[in-house]
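Quick one: structure below, then a few questions.
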Amino acid sequence: MAAFTIAAGTGNWFSALALGVTLLKCLLIPTYHSTDFEVHRNWLAITHSLPISQWYYEATSEWTLDYPPFFAWFEYILSHVAKYFDQEMLNVRNLNYSSSRTLLFQRFSVIFMDVLFVYAVHECCKCIDGKKVGKELTEKPKFILSVLLLWNFGLLIVDHIHFQYNGFLFGLMLLSIARLFQKRHMEGAFLFAVLLHFKHIYLYVAPAYGVYLLRSYCFTANKPDGSIRWNSFSFVRVISLGLVVFLVSALSLGPFLALNQLPQVFSRLFPFKRGLCHAYWAPNFWALYNALDKVLSVIGLKLKFLDPNNIPKASMTSGLVQQFQHTVLPSVTPLATLICTLIAILPSIFCLWFKPQGPRGFLRCLTLCALSSFMFGWHVHEKAILLAILPMSLLSVQKAGDASIFLILTTTGHYSLFPLLFTAPELPIKILLMLLFTIYSISSLKTLFRKEKPLFNWMETFYLLGLGPLEVCCEFVFPFTSWKVKYPFLPLLLTSVYCAVGITYAWFKLYVSVLIDPPVGKTKKQ
């Protein structure tokens, strides 16, 4: 209950929202859980029963430890609580071990760690501009933002059904964002450095943090037109930031450096042999690229331009995660994805530096960095779309244009997570929860910006409504057709490609908005 008492100053409504979603999480305890449940159980066993020198070498299970050291220590701490629930879960050789006590411990550990997320949402609400304040509580931006974050559909199903610990990690990220909004730059930098050593996927947004801190903290003054006053550069502040990053990194990586194991740790963190796409296609540029390759290969075979004997037997849609050679289009290498990602990120970084818009500009750059990395990264997980959706939530309650982009991104991104929950009992749960969240998001933001132009044009409305027929075809029609045996990958392909179109559109629309928006004139000292 400690998480709810922090909201006393905001009002009882925040406590009610936090308590309500916590009760919902408890109701989801008996639902399906993915192999990630076994992944984290195995990490509990590794960190509890083996010395630190073996953590990143242990390979009894295929689910080896591949998160940074802070997360390993987090599992180590959890394991000392887990032993009071079921000692057997901490045996490295108990592969795929499960018991009712293990289930309860792991589920409740995720729920408990969400205390940090609740606190971070509370802090983010303090940073929201209150100009658009309605008479009704439900029309207030802070209330809407609280619902969009606390009751986020994607986070609910990924953490509390599928099973992961994203809540407290996103709590760290949102708290660091809040501190930057509050001009507590050192705290924000410290929290983000800690976050990177919990989960390295947040490297996606590191360029936004680095450039913003350099631009708004290390340079202490701007000219009247908002451009940099170069003689205001502070070496003390740069050294302070560097020291924070160094100390956090030393605390995390120091023991493994002393053991001469850093190469082994990094080989686990960056496994490039896993291939371009994850087992479930993330709905990004490479999903469209793979689909085009499939279409061209089929056409080539039909027209006898391709030799069937030369077609690779492996299928990108079969759930494989190994390296794969495309049939018609050039095969993609990790270096190619890195170059594409950097090219996609650079314009947003350029705008953050040369067109300063304060914390809001940083938040838009962060979202674009997350989306660009999602669009063009190597072996991107479909769950990584949450890295763009959650910070975009803060923008959605401040400006109608950002609200429109948010609704397209979040609706499409959340639907793309549906293949994660493929069991029949969870079908009505995921459909109902997404419908409730989507209807609330659209209706609340339309009410908030009712005096401005409509949030969707006819094309966007048509596209979003198309998700309904797509779901009907994939879940209720396709299983009863003969194609289920011949083309088992088809629902996944259709979902990935359809959602990739929407996410690509949202990314492009946000980029255009960032590029054409003028810089904030007469910027105050930040």
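Numbers here mean position along the shown chain, with the first residue as 1.
Each Cβ is built from the backbone N, Cα and C atoms, and glycine gets one as well.
Grabbed the feature section from TrEMBL, which reads as follows:
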SIGNAL    1-18  signal peptide
TRANSMEM  104-122  transmembrane segment
TRANSMEM  143-158  transmembrane segment
TRANSMEM  188-214  transmembrane segment
TRANSMEM  234-259  transmembrane segment
TRANSMEM  335-355  transmembrane segment
TRANSMEM  361-378  transmembrane segment
TRANSMEM  429-449  transmembrane segment
TRANSMEM  461-483  transmembrane segment
TRANSMEM  489-508  transmembrane segment
Check for me, if you would, whether the transmembrane segment (335-355) reaches the transmembrane segment (104-122) - at least 3 Cβ pairs under 8 Å, residues 6 or more apart in sequence.
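They are not in contact.
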Between the transmembrane segment (429-449) and the transmembrane segment (143-158), are there three or more CB pairs that fall under 8 A, provided the residues in each pair are separated by 6 or more in sequence?
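Contact between the transmembrane segment (143-158) and the transmembrane segment (429-449): present.
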Cβ under 8 Å, sequence separation of at least 6 from the ends of the transmembrane segment (461-483): give me the contacting residues as numbers and ranges.
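Result: 407-408, 411-412, 415, 418, 427, 431, 490-491, 494-495, 498, 501-502, 505.
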How about the transmembrane segment (489-508) and the transmembrane segment (361-378): at least 3 CB pairs under 8 Å, pairs 6 or more apart in sequence, or not?
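Judged by the Cβ rule, the two regions touch, with the required three close pairs present.
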Same chain, outside the transmembrane segment (429-449) by at least 6, Cβ under 8 Å from its Cβ: which residues?
28, 31, 132, 134, 138-139, 141, 144, 147-148, 151-153, 156-157, 161, 396-397, 400, 403, 406-407, 410-411, 414-415, 418, 421, 455, 471
